[in-house]
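A.B. asks: Dumping what Swiss-Prot says about this protein:
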| type | residues | note |
| --- | --- | --- |
| BINDING | ARG17, GLU18, LEU19, LYS20, LYS117, ARG515, CYS516, TRP561, GLU605 | 5-methyltetrahydropteroyltri-L-glutamate binding site |
| BINDING | ILE431, GLY432, SER433, GLU484, ASP599 | L-homocysteine binding site |
| BINDING | ILE431, GLY432, SER433, GLU484, ASP599 | L-methionine binding site |
| BINDING | HIS641, CYS643, GLU665, CYS726 | Zn(2+) binding site |
| ACT_SITE | HIS694 | active site, proton donor |
Amino acid sequence: MTILTHTLGFPRVGLRRELKKAQESYWAGNSTREALLAVGRELRARHWEQQKQAGIDLLPVGDFAWYDHVLTTSLLLGNVPARHQNNDGSVDIDTLFRIGRGRAPTGEPAAAAEMTKWFNTNYHYIVPEFSKGQQFRLTWTQLLEEVDEALALGHKIKPVLLGPVTYLWLGKVKGEPFDRLTLLKDILPVYQHVLAELAKRGIEWVQIDEPALVLELPQAWLDAFKPAYDALAGQVKLLLTTYFEGVTPNLDTIIALPVQGLHVDLIHGKDDVAELHQRLPVDWLLSAGLINGRNVWRADLTEKYAQINALVGKRALWVASSCSLLHSPIDLSVETRLDTEVKSWFAFALQKCGELALLRDALNSGETAALEEWSAPIQARRHSRRVHNAAVEKRLAAITAQDSQRENPYEVRAEAQRARFKLPAWPTTTIGSFPQTTEIRGLRLDFKKGNLDANNYRTGIAEHIKQAIIEQERLGLDVLVHGEAERNDMVEYFGEHLDGFVFTQNGWVQSYGSRCVKPPVVIGDISRPAPITVEWAKYAQSLTDKPVKGMLTGPVTILCWSFPREDVTRETIAKQIALALRDEVADLEAAGIGIIQIDEPALREGLPLRRSDWDAYLEWGVEAFRINAAVAKDETQIHTHMCYCEFNDIMDSIAALDADVITIETSRSDMELLESFEAFDYPNEIGPGVYDIHSPNVPSVEWIEALLKKAAQRIPAQRLWVNPDCGLKTRGWPETRAALANMVKAAHNLRQAK
């Protein structure tokens, strides 16, 4: 039984973000659909060949997506919301883009579908919409076309499909309430059709992803797997694929299914390999997810070998990435600026493919010398002076309960803040960033490349900040921001100014659609050598009599949106960041900044996938935020911002943050998120987002007023703020001005209606 390698998926965007550039060029009308499709073909061919050359035996096909793989599955099934449909009922790539972003080069603009986090990652998917009596049919043959592409290139492949139960689990009911699980019988014929088409093409194995099987699912959902897979059995071999957690709690359900193999995540799960071997049917293949698909660290392959070697010869075995490599950058070899020692600790997607090949060869031969050689740098890291900072460890150990308490409760603070700021009813603000124009990006790039000296760079940034203040005053906003012209990314910027982080040149990963992020890497203990945001916040405040918010990214979000260390707990990392940013809050306050926003959009996404593990995470996550914020005086107003969240199940923790104002993303969900705050009787102030910044569509005054009136039915108007859903970094100035003008007008109308 020869052991094979495979990956669950590969990054789509390209080493130089070629897909992003092609998408945005097409959306802007600067290139043709044919040019976009050609870029996709070139990337797929390149990525298959790269994986093959790195030692992958079975290449994934179907992991490529033009926007998101869940959205691709929706189109595959003909699940297109009525507002996004073509007049003739056809489905094309512009249909896909209208669902994802609200508009495309053809067709009528319409509200984009909701977007939320993919399990507990920093990737976002487009939420499928379901309605009672809905019909499904095969309307989008992208998977079959890509299978034909790969076969024509002579590759040995493994098509990838998102499984039917997980697909339904990830969606939402729109319109008349009903149980969306009842649609399972209606989507299965489409899956049967697709599997039949794959069988016709000679496909032996299909990877069918059911990550919902790692969750604590209701019994009705667990019971749905058996009839679903009974219907799908028999056409090809099915590799039931799970990731992000272990499967042991749901193993009884899994082993009853008529599949031929199981993939398990042995990085993030607690599954015992010996127990899995004992309980799985003897003829099943086990795919062992031994290489972390969600991080950038080189694996200690000697440990991986020891973990799985006992099964060699006892059952069919593949070695794989824990999850899709979508969550990892592509290629470490192009990183030329990393310190040699630090670089030796890392492995990106292609290097992870190489790790799988090394592991396969050792397991097949019993020869481990190559594993020992590969693992030596990561073993040596444990003793590196770059990793440990005694002063940070001492400060962390000295934290007391008082460090996470504000001076007085919210009611007392609110009085002091009202007296200080004298804001009108329905106060208007934005979330932080303004459009990152070509000029701003060029300025930063020239400075980074050394083509611009520090003085000229600072002069340029100051001018953009000044213009942002002028724009906001002209629009009539009440609480201003400096616009974040100096920041490339809300996490990267702070990581660049904190010790304990390193950065890559090309370590891009997809966040959603064409949006890519370049997460910093936490390599050691974290501290703040100097103030980070104070200078620009102070400058912006000097330009206006209106309050300007200081803007910080919170500790949990910096943790979640970075590649973390693997040698300490996430709690330790979060609290180290909190202590560093606590000093930043104190410095902003001393500089005269009276409103400080600490963004925590990732608080919920960091939740463990199993609810039974939530309490411990929320306890330290909330404590980290409070350590960060609690140094502020009563008259300093602390804001926080959260997005893509379902709040109802963590309202206790949201309230425990004790932020004076929370701004949240609500427009895509039509303010339904406020139900959680109403039911909880949330005591502090709230800014429900009144328009979707992920879409270029400009909301009308009437639309915004209607949303605010709906909000006021749930939250007392005197505690409501008026703001967009999120930062405006990815928008252009024309639609930003138009949308904010309408937002301010709506707030003025409501004030006059009092």
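Even glycines carry a Cβ here, placed using N, Cα and C.
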A.B. asks: List the Cα distance (Å, whole number) between ASP599 (L-homocysteine binding site) and CYS643 (Zn(2+) binding site).
C.D. replies: 10
A.B. asks: Going by DSSP, is LEU19 (5-methyltetrahydropteroyltri-L-glutamate binding site) part of a helix, a strand, or coil?
C.D. replies: helix
A.B. asks: Given the binding-site residues LYS117, ILE431, GLU484, tell me which ones have a C-alpha lying within 10 Å of the C-alpha of CYS726 (Zn(2+) binding site).
C.D. replies: ILE431
A.B. asks: Where's the emptiest Cβ shell within 10 Å among the recorded positions ARG17, LYS117, HIS641, HIS694?
C.D. replies: ARG17
A.B. asks: Taking LEU19, ILE431, CYS516, CYS643, CYS726 as the binding-site residues to compare, which has the smallest set of other Cβ atoms within 10 Å?
C.D. replies: CYS516
A.B. asks: Cα-Cα separation of GLU484 (L-homocysteine binding site) and HIS641 (Zn(2+) binding site), in Å?
C.D. replies: 16
A.B. asks: Residues near the L-methionine site, ILE431, GLY432, SER433, GLU484, ASP599 excluded, by Cβ within 8 Å of the Cβ center?
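C.D. replies: My list of surrounding residues reads THR430, VAL481, MET490, MET551, GLN597, HIS641, CYS726, GLY727, LYS729.
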A.B. asks: With every protein chain in view, what's the tally of Cβ atoms within 10 Å of the Cβ of GLY432 (L-homocysteine binding site), excluding that atom itself?
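C.D. replies: There are 26 of them.
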A.B. asks: Which of the binding-site residues GLY432, SER433, HIS641, CYS643 has its Cα nearest to the Cα of ARG17 (5-methyltetrahydropteroyltri-L-glutamate binding site)?
C.D. replies: SER433
A.B. asks: Counting only residues 6+ apart in the same chain, whose Cβ is under 8 Å from the Cβ of SER433 (L-homocysteine binding site)?
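C.D. replies: Residues satisfying the criterion: VAL481, GLY483, GLU484, ARG487, MET490, GLY727, LEU728, LYS729.
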A.B. asks: Quick one: Cα separation, ILE431 (L-homocysteine binding site) versus LYS117 (5-methyltetrahydropteroyltri-L-glutamate binding site), in Å?
C.D. replies: 20
A.B. asks: Have a look at the binding-site residues LEU19, LYS117, GLY432, GLU605 and say which one has the shortest Cα distance to HIS641 (Zn(2+) binding site).
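C.D. replies: Going through LEU19, LYS117, GLY432, GLU605 one by one, the Cα closest to that of HIS641 (Zn(2+) binding site) is GLY432.
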A.B. asks: Quick one: of the recorded positions GLY432, CYS643, GLU665, HIS694, which has its CA closest to the CA of LEU19 (5-methyltetrahydropteroyltri-L-glutamate binding site)?
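C.D. replies: Spatially nearest to LEU19 (5-methyltetrahydropteroyltri-L-glutamate binding site) by Cα position is HIS694.
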